């Protein structure tokens, strides 16, 4: 076919503007990059389908158009969210949050320790500060008005919060402004201090403020306004370590809150804003300005007339140091506070943190008269002595176990010697006598007082003192080591029986620092022979308690300080008078016979009979300082039917000789007996003179034999002839006209059998042999020469 010579039209290729060129797509795939997007096609011109010219929509003359309808809708939604979301959140929080009942919120507050007559001994001030809660009706109305004038003038009408204060908090925390600022109501301030804390800046501060707002609002609906105001006035800080209006009243004016006048109440209200810097002792002008502002506020709210306001005078305050000292327990009372606190923790099985929130009023068994007598006696007889000399005194009521006097030292924060473990010397012989009587050995049982030797160790009495073969009652009076060592060996279980009798009477089986008392191995094993001579450690408290058991005819009462405990709400938590802690530990006949044997000893010990011929039963004790021949400790323990008192005298470390101001050795019949007599006489002055019960028979003897008598066949070896009558001559020296003092031990002159007759006494009245604890072979015996 011949070629077609007709003209053909060449059409350009049709391209889809949304599809990239194939070559570009392949190249992009090979290079691992996204394919390029083609440029958008030009929009059509205004006039139709041709290319747009300069005046088309793509040119610079195009305007961006705002859809105001959607803007209005979005703004409305945002405002709704900003308003509704906080309200919804507030409502949910209001429903969820639990507001405690009035009185359920525990805040640290002071507990007061009182003597038996209601006088104050000490105050237990918690670390968080000094606070004593009071009821709203104890706070004068004008004081309440002053606080409202200073802090919340529409307190009784507002809903518990301030919107202006809350909005200011939002502004300051979101945009700066120095942290949260004033405007809080009294309710909000209370919630902040008691429940939500005091974070003051940033988002945390804003959250805290929101919590405060919710709780304050709900609290205002559930608590009465008086309950809120009472709680607030008991928790707010006033400076000088005083939390609450009651403590502040004492800290600034040294008076109870009930006695505050208008001017004083206005000053305390003025301090709330800046308690430390507005203290009149720090900034008197600033305090006066704020005080005047509060008084003017009282006029504004109608709580004070202008005439009364004009009559007010700025009140004087006590020095800040005085307020601090009021919260510090000093002298021996500090050690009483320590023991009362420990007893409370044990009594209620609580910790100190819990104790510090109770605001307790603790009435103790301490008798102010007995306490004063003990302190005065120690001060009198230790005056002028070695500065290292120390003393301890404990007096206990045998009928209850109540501690009537307690002296462990003069330093409130120092070492308490009444709680120290100390060797007791011959005062422990009493428990050997208890054990002997329990085994049927009567007071008339005769025993040799001559020297003896055990395992190569010689045991003797001071200056060769002895009574030949005499009764165990006479040997106790003379404090003969040799006689009681032999008596202990005669017991069924020897030293173990002595220890058991001591524990039964009230010597503690353990105390802080000593896991097992009266134990040679310290692990509860048996004691050795030195126990009869007081080798092992006991406390002054324990000795007073054990002797009190004898005074009570064998009935033990646990020694205690706490008589009654009342909390800040007036609820009685404990009343010792309703507790029955008496327990018969020792047979009555045994205890009464021991008392009979001890009755002559106070007079025998250098004339320490009690005033007015009051009967007493007592025993001295002296402990030797190692193998030096000097003394280390000296004791006097004794009682009447109504009071048992133990006295110890020694030195701070127990490593130096115990001598008086004249350089003479101190024995139990010396300074300790002086202190004991002065304490007992002072404590018992004005009380009835009581007699001890008449003992019943044990081993053929009812009490101390009054005439020679042969012991029953089972009681032991035959007796020596009876003891002759003696006249006691006490050497004295006149130190001033008409005033004499004794010097040295008394001398006796026999008026019965001639000197040297069997059983005649030798040197009675001499002090007992000091006991050397830990001597080799026979603990408690003097070392070999």
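Cβ atoms are placed via backbone N, Cα and C, with glycine included.
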(request) Would you mind telling me which of 306-353, 738-785 Swiss-Prot tags as region 'Disordered'? (result) 738-785
(request) Among 35-55, 56-76, 77-97, indicate the range for which Swiss-Prot gives the feature transmembrane segment. (result) 77-97
(message) Is it possible to list how many residues within the region 'Disordered' (605-626) are helical, extended or coil according to DSSP?
(response) 3 helix, 8 strand, 11 coil
(request) Using a 10 Å cut-off, grab the number of neighbouring Cβ atoms around the Cβ of residue 426 (active site, acyl-ester intermediate), all chains included. (result) 27
(request) May I ask for the distance between residue 426 (active site, acyl-ester intermediate) and residue 151 (active site, proton donor), taken between their Cα atoms and rounded to an integer number of Å? (result) 70
(message) At a 10 Å cut-off from the C-beta of residue 151 (active site, proton donor), count the other C-beta atoms across all protein chains.
(response) 20
